[in-house]
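*Asks:* Would you mind keeping the following structure in view while I ask a few things?
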Amino acid sequence: MDSSSIAHESDIVSTERNILPERFISNKQQGNYLEDGSGDGNGKAAEHWLLAAIFNFFWVISYFISGSTHIAFRSSWYIVSLLLLKFPKWIIVEANHIHLTIPFSVLVVTLAIIFYVSYEFLKGRLLSEYKNLTSDLNTDSLNSKNSKSSRLLHHDSKDSNTTRRRRYSSGKLLSSALHESHSGINGGDDGDDTFLSSYLDQFLSAIRIFGYLEKPVFHDLTKNMKTQKLDEGEILLLDNSVGFAIVVEGTLDIYHEVEEKGNMNDIDGDFMVDDNQSIYSILKRKKKKYSTSRHGQYNNNSDPGHYNGHNVNGDDEDDDDGILQMRSSSRNQNIPSFDAIESSSSDEESDINDGDSESQSESDDESTGFIRLKDGLGKFQLLNTVKAGNPVSSLVNILNLFTSANDNVTSPSRTGRMDSNYTNPVERPTSKLSTSIEESAMRLELGKYSLSPTEASYRSTSNPSNNFSKDNDPLSKSISGPDAVTTPSLPPLNNRAFVIPKVVARAATDCTIAIIPPQAFAKLKAKYPRSASHIIQMILTKLYHVTFQTAHKYLGLTQEIAYTELLLNRTVSYDLPNYLKEIVIDRFKDKGKDMNLQKGFQSPTSSRLTSNFNGNSNNQRTNSRNSQALMSTRDLRKTRPELSQQSSMIHSPTPITGSRHVVLESRDKYNPGDLLSNVPLSRINLASPSSRGFDYSSMKKESSPQSSVNSRKRSTTGERPRLLKRPSIYNNQSSSRSDALKGNNSNNKDINFTSFSAQEETEDSVVRMALVEAMLTYLGVNKTNMSILPGIYDGAPSEPHSHRASEISLVSSYTSSAAPQTTIRILPKEYAIVSTRKQKQSSKKRRKYKEEISPTLDYEYAKNEFAQAIELQYFKQGTVIVEQDTRGKGLYYVVSGKIDVTTSTVSDHEIFNSTRDKKKKKSKTLFTIESGGIAGYLSSLVSYKSFVTLIAKTDVYVGFLPYQTLEKLCDKYFLIYLRIAESLTSLLTPRMLKLDHALEWLHLNASDTLFNQGDPANGIYVILNGRLRQLRNPELEENSTDYPNDGEEKDSSRDSTIVMGELGQGESFGEVEVLTAMDRISSMVAVRDTELARIPRSLFELLAIEHPSIMIRVSRLVAKKILGQGQANMALPKIGSGSNLRHDLNLTIPPSSSSSIHTHSYGNDNSNQMNNANFRTITILPITSGLPVESFAMKLVHAFKQVGRTTIGLNQRTTLSHLGRHAFDKLAKLKESGYFAELEELYQTVVYIADTPVKSSWTKTCIAQADCVILLARADDSPEIGEYERLLLKSKTTSRTELVLLHNERSVEPGMTQRWLRSRSWVHNHYHIQFAMDSLVNSSNVKDTGGNIGALNLVDKFIQTELGRKTQYNISKLLPESIKMTVENFSSRFMKRKRQYYTPVHRHKDDFLRLARILSGQAIGLVLGGGGARGLSHLGILQALEERGIPIDMIGGTSIGSFVGGLYAKDYDLVPIFGRIKKFAGRISSIWRMLSDFTWPVTSYTTGHEFNRGIWKSFGDTRIEDFWVQYFCNSTNITESVQEIHSYGYAWRYVRASMSLAGLLPPIEDNGSMLLDGGYVDNLPVLEMKARGCNTIFAVDVGSVDDRTPMKYGDSLNGFWIILNRWNPFSKHPNIPTMAEIQVRLGYVSSVNALEKAKRTPGVIYVRPPIENYATLDFGKFEEIYKVGADFGKVFLQALAEEGKMPYIPGSNADLVGDVETGFFLHRRNSI
């Protein structure tokens, strides 16, 4: 450092010293200035000070940095010089003085250690990435989390669902207003199961049989409801006077009177006749035994309980005809009713239990199901047991409650309309209540409900016969209050006429019944006639489905049902005169001369009918046959002039009696009746009063047989048509028929002398009106009972000062005389005097419910509308008009000709043949309908299937009314349903009435349990519509008496529950338990809303005793069912050669474990078991809104049709169009249920499309109707639970749920499917479908583009045309590749063309066809067996299958088959897997790789790393659920000794487990279990594939051939001799297997038997390539083995086709789905 620098530093220091005092001085002066508050330099001084402070701060910082930098630089320079100069120099110098010696061995060992450590490091870090792809460790916890999440999802709907189960009126049966009305009762805590809520629930459960009820209707129906308590043992007589009874607490036994043995045998013999016999021959054989009065009724004057018929008029007529036929000349003959047949017997005939002595105790009777009543009132047998929540009244009793009031109107003083339970109409018991009910009902019909006290007193005094003393009534003590005597002695019944009904109820326990009295139904019918008709329609439908259908299909009582139509034709008489018949016949003949009758006469309506019933092949054959025979159909609407407004309104209350001029247009010849053609004619015969009717006063005075209708004579030529209604041969005669016989001249005048305008007086109008009047007559409709009296629906009493009495007791005659009767007197609201203001306010708040009834709903208007729909049809002889068990077409009135009514039965030797042809059925003629008769009556009432077949016996001319028109008009003129109910109930036979009392209608909501395993079997069930799942718990079978009590045991038992199957519409179950008197062997749970018919065990036993034919029929059905179930599980025969057995097919394979650690699935353990996956109803439900549901459904429906399934798709639009005006009505639920049940019968598959918002009722309907729910989701969307899915969970449905993931491209991102499935434990299966949705999105985005983009899109559209493609192809040949690539990049960047995705070239690989085959139970499976390198031939078999166009829907494999099958299932394409398999074979055949993998042979010779890596290189991170095609592989669990089936998890891991050959590879560890090769238990898993629902299976076996050479070496064996024997070429003894070979054979014992069983499995195509010359480890011969498989596959499939053994491949001959956009998909080129 020099002196200049020192001087410079000293100057700086001195300068700083001079500055500091100045700074301090300035600061001090500044402070003084501030203190003084004055000074002009304050601002300048402050600014100077701030600048100085900033300068000083930055100076200090810079000084510190400069000093630190200088020190760091000097230090670093020193360290670098030390390391680079001094230290190396020291090492070099010192190294010259040090000497190190290392031996070569140490060097080699050191290098080996370094190499091994490096290799293990690289192997563990880089080459073992597959180890991270382990199995899901916490499977149990995952499932528990899923269940918890599902429970959380259900938690939101817990209260609503609990209320839904308890309130049976939830949106389906009763209105929401009903919920509101009872919200005070049910609105409390659901956990409090109080008696009151239970009572209301039971009542609502029973009243649901009425269907939907409006709130005012429900209030009026139930406001007079009573409750009655019955002590145990008390007996309730069931007749119409009781009303509608419901058991709300306890149990009630229903008893039916025991039929006498003689009658029983006679009747049973009637229905055990030969096929050639008919009902007419039966009746003719019985005719001499029974006689009738001139009324056509039977008077049984026997004692109560013993009905011995005798002749009344003494004349027994005999017929000379061989078979009685219904013809116009024989309708005056009296046919005995079945009621009389069953109630007549000789005095000498004993009871059914004649072996029992009269001294048999009552307890013995009760033990056998019988009870006896005192004083000879009869013996009764148990029919059914009614529990709480079920109605006591039968369906016919309910109909009688509505129709009985009408009888009171027509005959106020009659003896009473007879209940079906009574035998004698004269001796019907009457009481004060019954009288008051009848007169009240009569007043209701006349619009005068309120009675003055004078009228009431007059009624009680003027009818003393009906007011018998209550003290003398034996029934007044039979059902009494708690204070009365319980068992009084009955007084003798000589003083009064009294009969016990045939059906009684006895309290099995202390019970409570709720009763709606009959006057409530009478008032309901008068006040709300439309609602009453809806109830009647509901009851008629249930009567048809429950009673008729069960009797027809299950019990075989078709003749009983057909007898109803026989009685109708015998009872009602309406025949057309000959001149009208000639009009019809001549017109058909004229048309036949000029033109083809088939084309010229078929009306649009009839052609529509023919096309509507092509749902199945049977209907197609029938309709095609009928279309050939149907010669002509005359549409009268073409020629009939339209009525003017003036002519259509001419009908007035006062009839106009004008003449009727008919112009006969079609006469081509002269007939004797031509003189009458220009004479005023009436279609109704002007008969004398004695022939037309009788004065009602005369009937009051006379009850003798002379007061009957005269017999009808045969129609003569030119005779006018006559209306003559026969009285019903049953005792309960309908009022609609008695109306025609009344002596009221004004009414008869209105009917017989209806005037018509001049426009109507044509031949068409005459024929039309005549046919309509005939059909309405058969329906029980006339002008009197179709009129609506004015003021009857006003709802206000005619006399404001009247009052009504509401009885407290059940029936006034039943009340005990000891207890005083309490009467509540109620005054009308008019008695209260309120202010006008309050009255107006109350009137505004309350909206009065009033049904809108058109004033044109009278007989004449109905007749005119019916006439417009009448058609004339002509059938040739032998034409099948209506076939049995097909939809009835409508109502037929026979104008001329004969129709045979036949029924078809299956012969006994064919009942077990499931493949029988329908032509082999026996046909039996029941009766014949001649001119003037009616056909198709029952099937047209509810528009359902016909129970019989109608065949034209001769050329037949009929008047036809289509069922669509009949249903529409009956719905408009709703009073027709009342008349139909009257007619139908009067025609039912006693046996049908007994069935109606005993059969129960059950309705189950989704997830409801019908019965549990271990419950007593109390009946047989027949599924009317819906679906049930059968569950079985093996643990409960082992210990049936010990049931788990705590939650843990219940959970464990639930895990072991297995699904045995599912039952659909028309199937029955429970017969085995009832026949064997054992408990239920399984549980039944409703998959969706289900309706069932229950045949009680007591009824079945009763029918078995009375009618053995029914018992035989049911036994055959049970035997057939058991035989069908046992064929799959029966012991297969042992296949042997001579006396040496070769295969024992009964050796069982270890089943797949059902525990959670062995089940690799996200759902149930049986999620993949689809052996009965023939779903009838499928619902397509999106997970969230915005998905193309309709487009997807359209493709799926089209695919179903291509695979041969008759399918219909339903969305909200099609359903609303069917419902018509009821679309938004509360009646839509009832209409929907019938419509859906009908579609399930017409079509094999019904697809419900949920195309509405989530809160829509249609969405809920789709979920409730589904056997299988398909959840639609877009694969690349978020896997969160959508709003539709939450609705599905809230519905608590147990239907099978499938997830469909839609992909734009035919590839799946690894792990993507798991994200969808792990949070959805309710999903049973999933599918990957290619469905390009960008087309829909891009089409909507075109509108938002600008003008330039629109021009480019126009160019793009031109390119897509055919001309544009040709031009583009020609240009592309001339341009170089570089220019073409530039143009393509430009177009893709600027023109925004639609993205094009790849689809497979082969059409049979269509994803929708694959989904349709799986859902319809027609899936095609491929099973690839194990065999080491021999399995490389699988690739050649796959190539042959693809070239043949055979699709594969499911793939399964073992060992090498699992590897090849997994690769094929992953891509579903042969080209990309070829290279992967070849690469894997090269790695395995590499000697150096195998040597590098050797280890110490304790467990195996290799570590398995190279093998694992080879598999992982082929599959990567892909999981099995990511495979495009469904796939599974098997393995052997040596820890649990079971077979494992893997369909979820990482693919490489379980494929490796299936290929783990013992000794060569170590077992795969999976959740604590060791897995080995699946070939040890089943080398060809065909049975698993069969259990998954595959109908056709191609099984490829490449295993080694078993050495079955017989050995003979004695009882001891020397090892040295074995070695010498192997070396000796001249030895005759075969080589003895070594220990290793014996162990291998021992391991494959189960597999060998499984293979033989798989070969004999139906539907399996066994393929065995010639690969015996190749060893297990010959992977180096890839090309050779592959070619062997390809060549053999082509030859094998070709031979199958030539020999006709190739199975039918559904959809193989169909083109691709027609609506796929061809320009939207591209085909993948054939390159790896």
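Along the chain as shown, the residues are counted starting at 1.
Just so it is clear, glycine is given a Cβ too, placed from its N, Cα and C backbone atoms.
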*Asks:* Of 190-195, 226-231, 1426-1431, which range does Swiss-Prot call motif 'GXGXXG'?
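*Replies:* Among 190-195, 226-231, 1426-1431, the range Swiss-Prot annotates as motif 'GXGXXG' is 1426-1431.
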*Asks:* If you count the C-beta atoms lying within 10 Å of each candidate's C-beta, which of the binding-site residues T905, S939 ends up with the smallest number?
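*Replies:* Relative to the other binding-site residues in T905, S939, T905 has the fewest Cβ atoms within 10 Å.
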*Asks:* Averaged over the topological domain 'Cytoplasmic' (1-44), what pLDDT does the predicted model reach?
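*Replies:* Average per-residue pLDDT within the topological domain 'Cytoplasmic' (1-44): 48.
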*Asks:* How many other Cβ atoms are found within 10 Å of the Cβ atom of G888 (nucleoside 3',5'-cyclic phosphate 1 binding site), counting all protein chains shown?
*Replies:* 25
*Asks:* Where does S939 (nucleoside 3',5'-cyclic phosphate 1 binding site) sit in the DSSP three-state scheme?
*Replies:* helix
*Asks:* 10 Å Cβ neighbour count around V956 (nucleoside 3',5'-cyclic phosphate 1 binding site)?
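*Replies:* V956 (nucleoside 3',5'-cyclic phosphate 1 binding site): 26 neighbouring Cβ atoms within 10 Å.
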*Asks:* Indicate whether T905 (nucleoside 3',5'-cyclic phosphate 1 binding site) is helix, strand or coil by DSSP.
*Replies:* strand
*Asks:* In angstrom units, rounded to an integer, how far apart are the Cα atoms of T905 (nucleoside 3',5'-cyclic phosphate 1 binding site) and D1573 (active site, proton acceptor)?
*Replies:* 54
*Asks:* In angstrom units, rounded to an integer, how far apart are the Cα atoms of E871 (nucleoside 3',5'-cyclic phosphate 1 binding site) and D1573 (active site, proton acceptor)?
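*Replies:* Here the two Cα atoms are 73 Å apart.
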*Asks:* Which ones in the same chain are close to D1573 (active site, proton acceptor), with CB under 8 Å and 6+ residues apart in sequence?
*Replies:* G1426, T1454, S1455, S1531, T1532, S1554, M1555, S1556, L1557, A1558
